[in-house]
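Colleague: Dropping the structure in here first, questions after.
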């Protein structure tokens with residue numbers, strides 16, 4: 001039996017294309033959506049950053065949610081820009097950059113998840129370091145302050161390991177030389193609140209660090225947020241797995257579409273070269 005020819009017997013029509021419009025425009029609109037989301041993230045981050053005082057901006061860059069939002073937004077903007085223009089213009093170079101960047105991000109997320117699970121003690125130590133750093137800069141950054149208050153309310157906790165961790169903050173420090181009016185206090189988000197309480201007493205945590213655990217537990221949450229966070233993580237593994245899958249799935253779809261489109265564009269280039277060759281030499 002004769003073998004099937006590896007190339008067409010003659011040049012195909014000029015209107016034939018290996019590039020699928022479905023794959024091309026699906027990848028384009030996929031990137032366009034995340035491109036617009038990235039612009040919103042950058043705008044919100046810049047707006048939040050510009051509202052802050054210059055002193056606060058220099059004090060806690062490492063823990064500023066606005067800076068994190070801007071960085072993530074800019075990276076997303078650049079990557080999705082390559083995907084948008086690359087798919088629309090059928091540019092292999094831009095599609096390669098888009099595909100490689102998504103692959104690296106996906107592998108980094110996968111590695112972070114595996115390392116966090118394998119080295120759980122080291123991950124716990126890193127979380128503790130981040131929380132302690134956030135406590136130190138609690139009054140320096142309004143966004144950070146709101147984030148900590150939200151976490152302490154949601155997890156019914158106070159401080160990192162215990163409520164006395166708030167002594168690390170210069171305003172809540174419990175030393176006798178501290179002139180602050182909030183000396184030995186904790187934020188109001190540590191306090192126990194009644195469901196029927198209409199007005200929140202923001203001074204409810206005043207002087208609580210000077211009290212023992214048993215005495216203070218009648219007014220505030222004395223357990224730290226690290227243990228609460230670890231327990232919540234163990235209790236919501238399926239939810240966290242679903243979130244991780246939801247983040248990974250668009251990346252995988254983007255990588256697959258980009259690789260598919262790259263191969264189709266390469267086939268189209270080969271076809272164009274083949275057609276040109278046969279038009280120039282019809283006897284070959």
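The backbone N, Cα and C atoms fix where each Cβ goes, glycine too.
Sharing the features that TrEMBL gives for it:
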type: TRANSMEM; residues: 25-48; note: transmembrane segment
type: TRANSMEM; residues: 60-88; note: transmembrane segment
type: TRANSMEM; residues: 94-119; note: transmembrane segment
type: DISULFID; residues: 157-190; note: disulfide bond
type: DISULFID; residues: 158-174; note: disulfide bond
type: TRANSMEM; residues: 237-262; note: transmembrane segment
Colleague: If you skip the near sequence neighbours and keep only those at least six away, which residues in the chain come within under 8 angstroms of residue 157 (disulfide bond), Cβ to Cβ?
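Modeller: Residues satisfying the criterion: 151, 190, 221, 223, 224, 225, 227, 228.
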Colleague: Among 25-48, 94-119, 237-262, which stretch has the highest count of C-beta pairs below 8 Å with the transmembrane segment (60-88)?
Modeller: 25-48
Colleague: Would you mind listing, in sequence order, the residues at least six apart from residue 158 (disulfide bond) in the same chain with a Cβ closer than 8 Å to its Cβ?
Modeller: 152, 166, 186, 187, 189, 190, 220, 221, 222, 223, 224, 225
Colleague: Six or more residues beyond either end and a Cβ under 8 Å away: which residues meet both conditions relative to the transmembrane segment (237-262)?
Modeller: 19-20, 23-24, 26-27, 30-31, 34, 83, 86-87, 90, 92, 95-96, 98-99, 102-103, 105-106, 109-110, 113
Colleague: If you count Cβ atoms within 10 Å of each one, which of the disulfide-bonded residues 174, 190 comes out on top?
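Modeller: That would be 190, with the highest Cβ count within 10 Å.
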